[in-house]
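Q: I'd like to ask some things about the structure below.
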Amino acid sequence: MTNTKFVFVTGGVLSSVGKGIAAASMGMLFKARGYKVTAIKMDPYLNVDAGTMSPYQHGEVFVTEDGAETDLDLGHYERFLDENLSGKNNITSGKIYSQVITKERKGDYLGSTVQVIPHVTDAIKESILYGAQGADLAVVEIGGTVGDIESLPFLEAVRQLRRELGPNGSVVVHVTYVPILETTHEAKTKPTQHSVKELRSIGLQPDAIVLRSHTPLEKHVLEKTSLFCDVPLEGVINSYDVESVYDVPLLLEQEKLISVLEERLFGTTTEADLKKWKEMLSRQSERTLKVALVGKYVVLPDAYLSVIEAIRHAAMKLGVAAHVSLMSSDELEKCDDEQLSEKLSNMDALVVPGGFGARGIEGMVKVLRYARENKMPTLGLCLGMQVMSIEFARNVLGLKDANSTEFDPNTTYPVISLLPEQMQVRDLGGSMRLGAYPCTLVEGTRVHALYNKPVVFERHRHRFEFNNEFREAFENNGFQVSGLYEPKDLVEVLELKDHPFYVGVQYHPEFKSRPMVPHPLFLGLLSEAVAKASPVL
């Protein structure tokens, strides 16, 4: 079988209850005890991956080093564990069914009637074991809510796998929500009781329950949950709302959750080394920076989750607080110059993140012109870098029709155009330039100084690139190419001379930022903002 131990994390009562943060926190606390830890997210949707899903429904698509387009929870796992994960750490129903159907078409099942049990559940178990290879412990989060039809094959696979792993091979941690009535201020455990009943009916008994609530719960609520859900009192944990998601591991450690799980899995309890984590959280904020994030999908902040977290990481490192103002590029498109100045003049820095499609692009052009002309520290990511190029071509080079062929296929000045290998692509899923590629930095540039190394590996997710026909004109007018993918001579980084900080990158640096190791570009952006800003208490 395997020597890896498993923590299976299920969710009850409602979705978005915080399973991902709980799973990431547990993984981080086991790693702090010296274990080699990995994390796996199982998503019951029928999409093969998250790549073609709407950011309004699903939030951001997190891209791994190997180019997998995954659930945003993998971003939480990477940030908390400080480990690079891969496509094998995200299992979807679409991926599983695709594998099973492919095998059936090839005749691998030798004429068997292909069914959910055993064929689909076996494929799920194989994927879990493959994803956990080489780890002492794997935290496996089952997406959705117990009781969902889509989750049943995954929960059945977990039931079977637990049986095969033996009594000390795995634990189940059930994360539920405890509503508190406004009128009586009474915490209601009935939804949790029904959720556990549903979980038991599938054959899974939780070893621990994490009760999510807005405020701390009284002890009698935990005792009642313990009694009615048949979980030892020490295994019933209250995870109430805290100021930052990075406080959650300390809360779970305080509640001794990992001690309960470690004793069950490894027959021992050890101390966690949380010194550096606590030091990171203890830095005092002397001032608050206001950072404008101008994007297309700001209705759902999760669409820019990694960008927001990367800003926070840099802010913590610099000892400042960062207030991120989400601004819709659609709305800014309607503003005149005076209105635009009113919205942006009190901002200390600007980030324009990635996205797809023509909607809202002209709003970004307006914002970036303001930032360029008013010396506002600015970082453009992927689409943001492309719109920087469009704005510069129009307003500095005088190419009034300049555009990307994504937005205007017939533009006279295609400063951004389709990658040659993308010309014949028809399927959208998994067909972009994805994953980590080397970028060679030009010595003497701001970006080279920030990274302090000649070559960096950064993650990509795009089809369009800077058109080298315009490279000479850009550089002659002060927009310098400071990073290249040398094998194909692709422009990866642009930076504006004679500007405090105006940098555009074709990649997604936010995916590699970690709480204790902020990304150099976000550090550079906020450092410049700190230098320019007056203290705001």
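Glycine residues also receive a Cβ, built from the backbone N, Cα and C atoms like all the rest.
According to Swiss-Prot, the protein has these features:
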ACT_SITE  Cys382  active site, nucleophile
ACT_SITE  His508  active site
ACT_SITE  Glu510  active site
BINDING   Ser15, Asp148, Ile149, Glu150, Lys188, Thr189, Lys190, Pro191, Thr192, Gln193, Lys224  CTP binding site
BINDING   Ser16, Val17, Gly18, Lys19, Gly20, Ile21, Asp73  ATP binding site
DOMAIN    297-535  domain 'Glutamine amidotransferase type-1'
REGION    1-267  region 'Amidoligase domain'
Q: Below 8 Å Cβ to Cβ and six or more residues apart, same chain only. Which residues does that give for Val17 (ATP binding site)?
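A: Val17 (ATP binding site) has long-range Cβ partners Gly11, Val175, Thr176, Tyr177, Arg212.
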Q: May I ask for the distance between Ser15 (CTP binding site) and the residue listed as 'active site, nucleophile', taken between their Cα atoms and rounded to an integer number of Å?
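A: About 31 Å separate the Cα atoms of these two residues.
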Q: Please tell me which one of the recorded positions listed here (Gly18, Ile21, Glu510) sits closest to Lys190 (CTP binding site), measuring Cα to Cα?
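A: Closest by Cα distance to Lys190 (CTP binding site) among the recorded positions Gly18, Ile21, Glu510: Gly18.
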Q: Enter the number of other CB atoms within 10 angstroms of the CB of His508 (active site).
A: 23
Q: Just counting, how many other CB atoms are there within 10 A of the CB of Ser15 (CTP binding site)?
A: 12
Q: List, in sequence order, the same-chain residues at least six positions removed whose CB sits under 8 Å from that of Gly18 (ATP binding site)?
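A: Long-range Cβ contacts: Val175, Arg212, Ser239.
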Q: Translate the DSSP assignment of His508 (active site) into the three-state scheme.
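A: Going by the DSSP assignment, His508 (active site) belongs to neither helix nor strand, so it counts as coil.
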Q: In the structure shown, which of the binding-site residues Lys19, Lys188, Lys224 has the fewest other Cβ atoms within 10 Å?
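A: Output over binding-site residues Lys19, Lys188, Lys224: least Cβ neighbours within 10 Å is Lys188.
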